[in-house]
Amino acid sequence: MEQIDKKGSFIALLPLIIFVVLFIGAGLIMHDFNFVPLNVAILIAAVFACAMYPKTPLAKKLDIFTKGAAHPNILLMVFVFLMAGAFSETAKSMGAVSSTVNLGLSLIPGQFLLAGLFIVGAFISVAMGTSMGTVAALAPVGVGISEATDISLALTIATVVGGAMFGDNLSMISDTTIAAVRTQKTKMSDKFKMNFLIVLPGAILTVVILWFMTKDSGMTDAAQGSYSLIKVIPYLFVLISALCGMNVLMVLVLGVIVASLIGLSDGSFTLGDNLKAISDGLISMQDISMIALLIGGMIGLIEYHGGIKWLLNVVTSKVKSKRGAEFGIASLVSVTNLATANNTISIITTGPLAKEIAEDYQIDRRKSASILDIFASTIQGIIPYGAQVLAATSVAGISTVSLLPYSFYPYLLGICGIVSILIGYPRNKKGLKT
């Protein structure tokens with residue numbers, strides 16, 4: 001999008017600051033993160049963004065806002081939200097969730113449930129290349145596990161998000177990975193190998209932490225519930241289709257159809273109940289869809305008035321050494337992701353500048369691509385207004401902030417990235433030839 005301020009402007013970031021203060025600040029002060037609802041906080045910030053810069057005609061600002069809200073990534077996100085809600089509610093109504101959870105409880109010892117959930121989520125997200133699809137498939141299962149055990153709902157949902165972000169960062173078909181590789185002009189396989197070496201310790205430690213936290217988890221009577229293998233088919237279909245590389249929207253649409261056909265054929269619900277379940281699922285995602293559109297519009301105005309450019313200028317002005325350059329790239333993509341709430345957009349925005357920094361300071365292109373992807377995924381998996389967290393908590397019906405204490409993998413992902421910069425790991429011989 002064009003920018004009116006080529007030098008950048010801190011003032012343009014005020015809407016984002018207002019949003020954070022309203023949502024996070026008020027929550028901390030009132031000890032209740034629902035005191036200022038997320039949709040109200042982002043609405044106020046968006047209105048403020050439109051009211052700024054009175055010399056710019058309102059019609060122009062509204063045009064920028066609507067173009068930002070209608071960005072292809074934003075609209076695709078909204079459609080995924082809606083179909084994820086429809087699939088989740090349909091699968092729940094016909095008994096897929098309870099059967100899947102009870103099957104898992106019967107096969108996996110309680111102390112390994114969450115560790116297994118994380119591993120499954122990581123595997124699925126690597127295979128399908130989308131964290132949103134992974135969240136859509138596994139968030140209802142996470143809710144079911146929490147209901148059937150004494151494991152915290154926030155912990156199970158944070159585990160789902162963590163597994164999803166593992167693949168979002170590593171998958172060769174993830175849009176974030178593709179963006180990182182293309183902007184840094186390196187090879188997908190080379191980036192994967194280096195990235196994997198950096199994040200593997202964090203993934204292993206996450207599994208250990210989850211096992212330790214739930215090794216004494218108790219089962220309620222619900223854990224002994226029965227299951228029907230035919231009712232597990234909708235989830236198997238979704239997972240297998242995703243693993244085969246099918247588009248996430250198509251996966252969810254077909255998932256709704258499969259769940260509906262099974263539910264109707266075995267008498268789990270009537271046609272009327274089926275249609276109502278689909279409707280309820282769509283309605284359950286209306287709020288998060290509105291939030292996504294408002295965020296997209298607000299970010300469009302922030303970018304137009306130079307807010308993103310200001311962030312880039314501030315970070316690059318601090319770079320003095322190779323290690324500092326790597327931290328500069330990490331900071332660039334991190335602060336941009338905080339502002340845009342979209343890891344793909346943040347990588348696309350900062351990628352060209354990161355490539356220049358990497359060339360100036362002789363940083364391996366595989367390393368610069370890995371840094372971009374790692375820190376974008378770290379921030380995306382933590383921020384309470386990110387798409388993955390919003391989608392997962394919408395399914396669970398809990399506050400986005402409640403996930404923060406349990407977001408082990410995103411935290412460890414960031415720590416692994418920082419350590420790799422500090423110690424120069426992995427050590428490379430190919431340099432910029434990759």
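Placed from the backbone N, Cα and C atoms, the Cβ positions cover glycine too.
Annotated in TrEMBL:
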TRANSMEM  12-30  transmembrane segment
DOMAIN    22-212  domain 'Na+/H+ antiporter NhaC-like C-terminal'
TRANSMEM  36-53  transmembrane segment
TRANSMEM  74-91  transmembrane segment
TRANSMEM  111-139  transmembrane segment
TRANSMEM  151-174  transmembrane segment
TRANSMEM  194-214  transmembrane segment
TRANSMEM  235-262  transmembrane segment
DOMAIN    236-425  domain 'Na+/H+ antiporter NhaC-like C-terminal'
TRANSMEM  282-302  transmembrane segment
TRANSMEM  374-396  transmembrane segment
TRANSMEM  408-425  transmembrane segment
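Segment contact is absent for the transmembrane segment (151-174) and the transmembrane segment (12-30), given fewer than three CB pairs below 8 angstroms at sequence separation of 6 or more. Tertiary neighbourhood of the transmembrane segment (374-396): same-chain residues 19, 23-24, 38, 42, 77, 80-81, 84-85, 88, 131-132, 135-136, 139-140, 142-143, 153-154, 157, 160-162, 164-165, 168-169, 176, 180, 195, 198-199, 284-285, 287-288, 291-292, 295, 330, 333-334, 337-338, 341-344, 346-347, 402-404, 407, 409-411, 413-414, 416-417, selected by CB-CB distance under 8 Å and a gap of 6+ residues from either end.
Listed as Cβ neighbours of the transmembrane segment (194-214) (distance under 8 Å, sequence separation of 6 or more from its ends, same chain) are residues 110-115, 118-119, 122, 151, 155, 159, 162, 166, 169-170, 364, 366-367, 369-370, 373-374, 408-409, 412-413, 415-417, 420, 425-426, 428.
In summary, the transmembrane segment (36-53) does not lie against the transmembrane segment (74-91): fewer than three C-beta pairs, each 6 or more positions apart in sequence, are under 8 Å. When Cβ distances are compared across the two stretches, the transmembrane segment (74-91) makes contact with the transmembrane segment (111-139), since 3 or more pairs at least 6 residues apart fall below 8 angstroms. Across 111-139, 235-262, 282-302, 408-425, stretch 282-302 shows the highest tally of CB pairs under 8 A with the transmembrane segment (12-30). The domain 'Na+/H+ antiporter NhaC-like C-terminal' (22-212) scores a mean pLDDT of 86 in the predicted structure. If one looks beyond the transmembrane segment (235-262) by at least 6 residues along the same chain, the residues whose Cβ comes under 8 Å of a Cβ in the stretch are 76, 79-80, 83-84, 86-87, 90-91, 94, 96, 100, 124, 127-130, 132-134, 136-137, 141, 173, 268, 274, 278.
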